[in-house]
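J.: Below is a structure I'd like to ask you about.
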Amino acid sequence: MAEQRLPPKIQYLKLKRTEELNNKLKKELARERITASNACLSIIDYTSTNKDYAVPEVWGYMKPGENHFRASAKQARPRGGHEGSCCCIM
């Protein structure tokens, strides 16, 4: 079966697409990889050393004045002046 001759522009586009794919695959191959067991150990280490106060049974409650999110929430509130609600409908 004779190979059909493609116009040069289409050949160039095919070559460019192939080169882009090749470069993408080279970048993916060069990316640092770790094994699943090392990733799990890293997650376990992170969760055992960083306190998560969303789980008070494990880490306890935050000390007063330690929660910087609460301070910013109090500063943002004076706009409406309503305690216990998020907005005021007029």
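Each Cβ is built from the backbone N, Cα and C atoms, and glycine gets one as well.
Below, the features straight out of Swiss-Prot:
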LIPID     CYS86  S-palmitoyl cysteine
LIPID     CYS87  S-farnesyl cysteine
MOD_RES   CYS87  cysteine methyl ester
J.: Within 10 angstroms of the C-beta of the residue listed as 'S-palmitoyl cysteine', what count of other C-beta atoms is obtained when all protein chains are considered?
T.: 7
J.: What is the total of other Cβ atoms whose distance to the Cβ of the residue listed as 'S-farnesyl cysteine' is within 10 Å?
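T.: The residue listed as 'S-farnesyl cysteine': 7 neighbouring Cβ atoms within 10 Å.
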